[in-house]
Amino acid sequence: MSQYYPIFIDLQTLPVLVVGGGGVALRKVQTLLHHQALVRIVSPRLVPELQKLIDGKTCSWVEKEYSAEDIQDAMLVFSCTEIESVNAQVSEDAKVHHRCVNVVDDPEKCSFIVPSIMEQGDLKIAVSTGGSSPIVARQVRAELEDLYGPEMAEYLALLKTWRQKAKSDLPLEKRSVFWNRVTDGEVRNLIKAGHLIQAKGVVEQCFLSLLD
Ligand SMILES: C[C@@]1(CC(=O)O)c2cc3[nH]c(cc4nc(cc5[nH]c(cc(n2)[C@H]1CCC(=O)O)[C@@](C)(CC(=O)O)[C@@H]5CCC(=O)O)C(CC(=O)O)=C4CCC(=O)O)c(CCC(=O)O)c3CC(=O)O
Ligand SMILES: NC(=O)C1=CN([C@@H]2O[C@H](COP(=O)(O)OP(=O)(O)OC[C@H]3O[C@@H](n4cnc5c(N)ncnc54)[C@H](O)[C@@H]3O)[C@@H](O)[C@H]2O)C=CC1
């Protein structure tokens with residue numbers, strides 16, 4: 001089994017090809033569009049939910065069976081058909097053109113796999129079992145959703161507003177004291193309990209106390 005290397009990619013400028021238009025393609029396309037990819041679907045048929053996502057701009061549909069020239073400029077390729085020989089061909093073509101390819105029913109033909117993703121504002125956790133059990137990846141993701149609630153989004157948004165100020169106004173060693181103090185649990189707990197104004201006050205007090 002491959003040792004998959006996890007990265008977070010900005011998909012906004014990356015054309016993505018999805019081959020197939022069934023339930024699995026739908027799941028992949030939904031995640032891709034959420035991450036602002038430019039999606040082109042090649043498939044003779046689409047399930048109705050996928051049809052609704054076609055807008056001709058961020059998500060387009062080429063109504064035909066796959067052939068090698070469909071790879072075009074796609075950097076990421078997803079093969080989601082139910083036909084093994086088609087999936088194998090897509091994988092082979094993508095690899096010849098040095099593109100990253102995901103084949104839904106065969107990890108051996110993948111050069112990347114898709115993790116289970118949880119998000120709370122700027123917190124994003126991607127879970128993988130390396131293909132051993134996608135269901136377990138989903139279950140771990142659900143456990144993480146219980147652990148990290150909506151307070152994480154507010155907490156990170158608050159910390160982000162201080163990043164530039166801390167960088168410009170505090171010397172390195174005080175910056176480290178500042179970040180350790182504001183992330184020691186109190187601020188997060190205050191936000192979790194609904195006391196956002198107090199939380200902001202604690203951060204501000206801490207910052208002021210460290211100014212020369
Ligand atoms: C290797 C990988 C390749 C890839 O697709 O990238 C792969 C492969 C396969 N999945 C299969 C089945 C299912 N997969 C799901 C769901 C998800 N599968 C995802 C990822 C991955 N699936 C990659 C590995 C991830 C890892 O482990 O690190 C998730 C995380 C992300 C996503 O797809 O968006 C998403 C959960 C998202 C979430 O809810 O958070 C469900 C539905 C469910 O669980 O509800 C079922 C039906 C139940 C079942 O059959 O298990 C089968 C068997 C097909 C068969 O038997 O015919 C194979 C093929 C095989 O294993 O050989
Ligand atoms: N990785 C995963 O998470 C999972 C993978 N699977 C596997 O994924 C495969 C697809 O599952 P579903 O979407 O449910 O199947 P589906 O049968 O609903 O969809 C397959 C799609 O592929 C299209 N297609 C067929 N031949 C094509 C060709 N030559 N060129 C382009 N498109 C073509 C069909 O028109 C259809 O839209 C199945 O083989 C299944 O075993 C199933 C569940 C989960």
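Cβ atoms are placed via backbone N, Cα and C, with glycine included.
Annotated features in TrEMBL:
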DOMAIN    120-146  domain 'Siroheme synthase central'
DOMAIN    157-205  domain 'Sirohaem synthase dimerisation'
On the domain 'Sirohaem synthase dimerisation' (157-205), the mean of the pLDDT values is 97
What is the number of residues in the domain 'Siroheme synthase central' (120-146) that are helix, strand and coil, as DSSP sees it? 13 helix, 6 strand, 8 coil
With DSSP as the yardstick, break the domain 'Sirohaem synthase dimerisation' (157-205) down into helix, strand and coil residue counts. 41 helix, 0 strand, 8 coil
